[in-house]
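What follows is a set of notes on a single structure, which appears directly below.
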Amino acid sequence: MCDVVLGSQWGDEGKGKLVDLLCDDIDVCARCAGGNNAGHTIVVDKTKYDFHMLPSGLVNPNCKNLVGSGVVIHVPSFFQELENLEAKGLDCRDRLFVSSRAHLVFDFHQRTDKLKEAELSTNKKAIGTTGKGIGPTYSTKASRSGIRVHHLVNPDPAAWEDFKTRYMRLVESRQKRYGQFDYDYEEELARYEKYRETLRPFVVDSVVFMHDAIAANKKILVEGANALMLDIDFGTYPYVTSSSTGIGGVLTGLGIPPRTIKNVYGVVKAYTTRVGEGPFPTEQLNEVGETLQDVGAEYGVTTGRKRRCGWLDLVVLKYSNAINGYTSLNITKLDVLDKFKEIEVGVAYKLNGKELPSFPEDLIDLAKVEVVYKKFPGWEQDITGISKYEDLPENAKNYLKFIEEYLGVPIQWVGTGPARESMLEKKI
């Protein structure tokens, strides 16, 4: 059976920390979507490990790790991330596997990603992309012109000729669209000819890999990337990523049936953040937002960009839960709220004076909503490292209880600090 960890807001909720905790007792950790456009840091024995594309289960020496078919892979970044982990003492090459069906991100995808964003910014419609080429790669995938891992690693000499033909078609189509931008495609092709050999040992048929693990009754953890509000279908479109980041992406990104999923853990930051553009109803462009940003160290692992900050939005979480069906929640970074005398939570949206029955799909409406807040007294004490739920201040427990009751989902874990061990588990 599979347990799944998913982001419930706009990303950066702290999924990696929960995955790290759960990985102590699993056999397989799998990534199902996204690429190296997201990131998180895991601290083990005072050593920091930065993850972007690779599964966090690599920190567990007994865990096998799969980069699934729904992930898009920039091969140079794949090896760079692997080398960075190895430089910090992780021996993980024989525990890392890549789906033969995953699509490849090329440097020209990254170039055109930035060119497209520059075009949009002139009309003040920029998405806020990371520039990692993720969107253009999913675009070529959807148009059936993309290149998959098996196209690269097939040892048949004819396969390499086919790869080069596919590659040049993509380059030429981008040059027609954006002009003769500065790009040495021959140099990239030469690099990928070498990657044919170096990537091949990692490549597996991920459908067989996953179904063999399921048949053997292995404990499997699926690590979601990004979050529901960045989902290509259900997020704040077009200010989203280009993949399915919810429970649907788990099924399509790994090729597993719904009945194999046992638990869906929703990771929720105790307040709200987002990176990039797009409406953000509970955003606080004031001292509150600045405090959350500073105390929470809200800077992106991948881009270094400051994250926009605001109060917890339960309208977003109710919508997120309706789609993903969380069995329990992990509330992270509760300690960031320690110094607030008063804490607010968004509980409803009003548009033109009328309360909306659900989260609006139209961003024109979303940008105009008035948030209805419920105020809570803060606990105004340091909760860092508290390991028992019973030891939390009453006001903190009241805050958490309200979240549970509003969503109808139990809270199973609470993050009380940045350290790996600063995560208490609550009986549910």
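Glycine is no exception: its Cβ is also placed from the backbone N, Cα and C atoms.
Counting only residues at least six positions away in the same chain, the Cβ atoms of His40, Ala227, Lys269, Thr273, Arg274, Val275, Glu298, Gly300, Arg307 sit under 8 Å from the Cβ of Asp12 (active site, proton acceptor). Annotated GTP binding site per Swiss-Prot: 11-17, 39-41, Arg307, 333-335, 415-417, in sequence order.
Annotation comment: Swiss-Prot describes Asp12 as active site, proton acceptor, evidence class sequence analysis. Following the DSSP three-state reduction, the secondary structure of Asp12 (active site, proton acceptor) is coil.
As annotated by Swiss-Prot, Mg(2+) binding site applies to Asp12, Gly39.
According to DSSP, Gly39 (Mg(2+) binding site) is assigned to coil rather than to any helix or strand. Under the heading IMP binding site, Swiss-Prot lists Asp12, Glu13, Gly14, Lys15, Asn37, Ala38, Gly39, His40, Thr130, Arg144, Asn226, Thr241, Arg305, citing sequence analysis as support.
Of all the Cβ atoms in the protein chains shown, 23 others lie within 10 Å of the Cβ of His40 (active site, proton donor). Summarising the annotation, Swiss-Prot assigns active site, proton donor to His40.
Of all the Cβ atoms in the protein chains shown, 25 others lie within 10 Å of the Cβ of Thr130 (IMP binding site). Closest to Asn226 (IMP binding site) in space, going by CA atoms and restricting to the binding-site residues Gly11, Leu334, Thr416, is Gly11. Site extent for IMP: the farthest pair of Cα atoms among Asp12, Glu13, Gly14, Lys15, Asn37, Ala38, Gly39, His40, Thr130, Arg144, Asn226, Thr241, Arg305 sits 34 Å apart. By the criterion of other Cβ atoms within 10 Å of the residue's own Cβ, the least surrounded of the binding-site residues Asn37, Thr41, Asn226, Thr416 is Thr41.
Long-range Cβ contacts of Gly14 (GTP binding site) within its own chain (separation 6+, distance under 8 Å): His40, Val267, Lys269, Asn330, Thr332, Lys333, Gly415. When other Cβ atoms within 10 Å of the Cβ of Gly11 (GTP binding site) are tallied across all protein chains shown, the result is 30.
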